[in-house]
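Engineer: Shown below is the structure under consideration.
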Amino acid sequence: MNWRQSTFALPLVIGLLCAVGLFSALLGDGWWDALAWLGLGVPAVLGTWPLLRRPRQ
Amino acid sequence: MHSRTIRRWSQVHTWTSLICTLFLLMLALTGLPLIFHHELEHLLGEAPELREMAPDTPHLGLQQLVEAAERHRPGEVVQYFGYEKDEPNGVVAITAATAGTEPNSSHTFMLDARTGEALAMPAANGGILMFILRLHVDMFAGLPGKLLLAFMGLLFAVAIVSGVVLYSPFMRRLKFAEVRQQRSNRARWLDLHNLIGIVTLTWALVVGVTGVVSACADLLISAWRQDALTALVEPYRNAPPLTERAPVDNVLNIASAALPGMQADFIAFPGTRFSSEHHYTVFMVGSSHLTAHLWTPVLIDARTLEVTAIAQRPWYMDALAMSQPLHFGDYGGRPMQVLWAVLDVLTIIVLGSGLYLWWVRQRRGDKQRSGQEAKA
């Protein structure tokens, strides 16, 4: 089975990563911040990228 | 899932979102400039800039600063002195007609701790950013406005959860992140709504729930006054009103001695809502990243300067304090602010596409119905 086929597998991973990111920046600077940027960056990119593609006519 | 179950969840999702969408759009739009309010204040020239002086110029005593503040605002009293990490030579002063005056009628400015010179902080007292902030916080309607927005935040949370439930029947036949670009506009926007909604889910839920907590701040603070403060100042219940105060000069040292290793965040003067009628209350915060947000109030008798109590933090005050960074996104540097703004715009797109999808379905329903009527 394709890993994109499982409805909730990827959303769960992304959601958890985002939660880790939100809390890690509260704990410290440096690597903690970088983890936060990764955690919030993944949803930001995944949400923006399909908007930028033009629909095929 | 049974089709009836799906229909029910779909109704929950439709109505909770429809009711809160306009408010949420307003919150998301006003929230966008607020993410960058520090930067915007500097850009608008509204951030106070202290004069260059020798780095080891000594600070005035706190009592002298109180007097400087009162000279600057004749007829007013000091409610709070606050400290900012990035401006060690400045003290933020908040004054008002009386100690108990409500926050929106107070005046905020910065005092140069070395000279007592007052510097205006226009953004804290009015202007465009304050207008946006008031719109975002209570729509100029005080507590009822805050509570209405808190309720809209709860509806938003229900809309998010019901959206997740509906995600599976809609996405069963599609791969993750598949957008049917070549199909109708409606199918394309449905897929985009589902995709952007599911990836921004955690962020939207956290910002929504922390917003609800912040909107209840007034209630939490009065609960804290009722619970903790009343018990702590019980011995003062029958004390005559405070007529003479000891100079405030040493309260920071006194508070530091009571709580070694912690730093002062702000001082609440007697009679304000963060203190009692008889105390200077120093709110101390920890020095670690996490504890820097958590307050421990030290109550100092304003006549004798004795520490009479160190208040325990109730859990709801901790929740309130932790909600602030998680709502505003100002705790992980510039990239965090930018990501916050991107996610905010994506939320606006989810809200807008939701409205569009509802409208299209509505119109199609009308057409079907009028078609059936024509047949009959």
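Using N, Cα and C of the backbone, Cβ positions are placed for all residues, glycine too.
Remember, predicted model here, so these are calculated numbers, not experimental data.
Pulled the feature table from TrEMBL, pasting it below:
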type	residues	note
TRANSMEM	B:12-36	transmembrane segment
TRANSMEM	B:147-171	transmembrane segment
TRANSMEM	B:192-215	transmembrane segment
TRANSMEM	B:338-359	transmembrane segment
Engineer: I need to check the long-range neighbours of the transmembrane segment (B:192-215): which residues 6 or more away from its ends have a CB within less than 8 Å of a CB in the stretch?
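Structural biologist: Hits for the transmembrane segment (B:192-215): 27, 137, 146-147, 149-150, 153-154, 156-157, 160, 163-164, 167, 170-171, 177, 179, 319-320, 322-324, 326-327, 329, 343, 346-347, 349-350, 353-354, 357.
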Engineer: Taking residues 6+ outside the transmembrane segment (B:338-359), which of them lie with a CB under 8 Å of any CB in it?
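Structural biologist: Result: 14, 17-18, 21, 24-25, 28-29, 31-32, 35-36, 186, 189-190, 192-193, 196-197, 200, 203-204, 329.
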Engineer: Would you kindly list the residues that approach the transmembrane segment (B:12-36) from elsewhere in its chain, counting only those six or more residues past its ends and only Cβ-Cβ distances under 8 Å?
Structural biologist: 129, 132-133, 135-136, 139, 148-149, 152-153, 155-156, 158-159, 162-163, 165-166, 211, 328-330, 337, 340-341, 344-345, 347-348, 351-352, 354-355, 358
